[in-house]
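Annotated transmembrane segment per TrEMBL: 146-163, 175-196, 208-226, 256-277, 284-305, 342-366, 378-400, 406-427, 439-463, 475-498, in sequence order. According to TrEMBL, the domain 'STAS' annotation covers 526-649.
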């Protein structure tokens, strides 16, 4: 019988050529050995695993062999990237940043006023949130392209969650304080994830779930804007499509205002046309960027000279003048609202972080530069903590503004500083001019902005690639549209986790056959010309074997065996004598997995079938030895490849195979 593994684990370093010559002398096909890896120090092994989990990007590499002063400088640059790229800043970069900063400012000002209404906050708080947070991010962020400020999805989510705790109309001050509290803890959550290097947690919300959630949120946000678009005064506080449509059609005779509808429809058509031009001709991107501000200026002037507000057209009215007042004393650090603020803040912070991470990675890939995810989390967290203390609510990266920022030729985060400066001038000088801005314009701006969040092409691609992913996508979408934003988010997270659990508990297994004229064994379903080896069943397990799936793996292998034996009986062929388990994809195994393999071995023994392993990895073979499972099965029955195993188990069938 072929000796694939030496009887003495310490002798695994035996010279392969000698081993081969001995096998040839015995007229036994040459077979490589599976080597037992050297024993690892437990502390070093745990340290290596922790390093790979939390420090996979090796952040301390630049500090190696540096002087103390140099390490101090590198540490400062790591915390404030502006100290690094700022040394190479020049007038050419400034020109690009000023142009892009002014362009995104023209887009953000009308959006901020509208997004504040989504969060059930006075309009000036939207502008506040585009003043302080972008400044902080410019010093601490590592993305060159992200434009910081309030975004539609987070504004709606925050407004919905806050309204569920406190009514913004009857208790405006308490509502505002809870908003600042939630923003503070959103920042704490983001910064903590960055400092503790737990950014991989946001990856548990799958891409498919995000596509569905964003699309559903876009529909919900657009429906919410029907209040301002149609001039309705009494509107439902619920966000599901049924309640909203009941509220809309229930007021068609009493509250719809034709002047408001006319203003909203005309400017919505203008905004959509401007967006179409911007997409059609990339050089005219600025048309779509300044269209919202043009709409606000023209509509405000029109309402002022016609006094349309006296004919039922609802206007913004007063926007408080001046920059952000301090709000540290407004944050709940004790009392009943503390827990509510933490809960809302964690949810809003995670969603804001997910959106910013997706945007940052997208534009970093387009410009081919590295984005440090953990630094980004710290920057976003500190930004929102500072914002909560200066009358801001949760801010993050905006996709529409970031796209405009990119198209306008931004070079660095200075574009955020320029945008912040324009918002500062607006707060100090221009806010009184927004008094006669019609609410219908803000609704039109938001509707035109969120339409881009409905990514039907991505949904179709998801359907083509993975049907389970599509279920997650649609579950999140319909959860948001027909229930609420938080229900949609819960469905998205639940389905994402369900997919992970399903893949872990029900791993794929495959029956392998030999490709003609090769020593390669592949899945017979994928390669129909792959032929089975007489008397041998080759099975591959495509997953680690853990307590959660070990019983399934054992039972599935036995089912493969039963199905094959039934087929052989019908065809009148020889019975199975060897079962080879290809273990290349098995990256790890735990105690439950070891016990399952022991039970599999005993079940096969009763059927007079030999269990054989092919190519177990370093971690797996180490645990097979540690558990004495190798002694139970026999060291002779562990091989480097399936071809080696077949040569030993079925020499006659292997005679036609090429030498390996």
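Every residue gets a Cβ built from N, Cα and C, even glycine.
Here the transmembrane segment (378-400) sits apart from the transmembrane segment (256-277); fewer than 3 CB pairs are under 8 Å, leaving out pairs fewer than 6 apart in sequence. For the domain 'STAS' (526-649), DSSP puts the residue distribution at 63 helix, 21 strand, 40 coil. With a threshold of 8 Å between CB atoms, the same-chain residues lying at least 6 positions outside the transmembrane segment (175-196) that come near it are 54, 119-121, 125, 158, 161-163, 165-168, 202, 327, 330-332, 337-338, 340-342, 344-346, 348-350, 352-353, 374-389, 391-394. The list of residues near the transmembrane segment (284-305) in space but at least 6 beyond its ends in sequence, with Cβ under 8 angstroms from a Cβ of it, reads 103-104, 106-107, 109-111, 263, 267, 270-271, 274-275, 277-278, 313, 315, 404, 407-408, 433-434, 436-438, 440-441, 444-445, 448. The stretches the transmembrane segment (406-427) and the transmembrane segment (146-163) meet in space: the count of Cβ pairs below 8 angstroms, excluding pairs fewer than 6 apart in sequence, reaches at least three. If one looks beyond the transmembrane segment (342-366) by at least 6 residues along the same chain, the residues whose Cβ comes under 8 Å of a Cβ in the stretch are 143-146, 151, 153-154, 157-158, 161-162, 165, 178, 181-190, 193, 199, 202, 205, 210, 373, 376-377, 380-381, 384, 394-399, 402, 406, 486, 489. Cβ atoms under 8 Å from those of the transmembrane segment (256-277) belong to residues 228-232, 284, 287-288, 291-292, 295, 298-299, 302-303, 308, 311-314, 438-441, 443-445, 447-448, 451-452 of the same chain, restricted to positions at least 6 beyond its ends.
Sequence-distant contacts of the transmembrane segment (208-226) (same chain, at least 6 residues past either end, Cβ-Cβ under 8 Å): 118, 152-153, 156-157, 232, 235, 239, 241, 244-245, 248, 354, 358, 443-444, 446-447, 450-456, 458-459, 462, 466, 469-470, 472-481, 485, 488-489, 492-493, 495-496. Residues 104, 108, 111-112, 115-116, 118-121, 126, 129-130, 133-134, 137, 175, 178-179, 182, 213-214, 217-218, 220-221, 224, 237, 239, 344, 347-348, 351-352, 355-356, 359-360, 363, 383, 393-399, 401-402, 404-405, 413, 415-416, 419, 446, 449-450, 453, 484-486, 489 of the same chain lie 6 or more positions beyond the ends of the transmembrane segment (146-163) yet place their CB under 8 Å from a CB of it.
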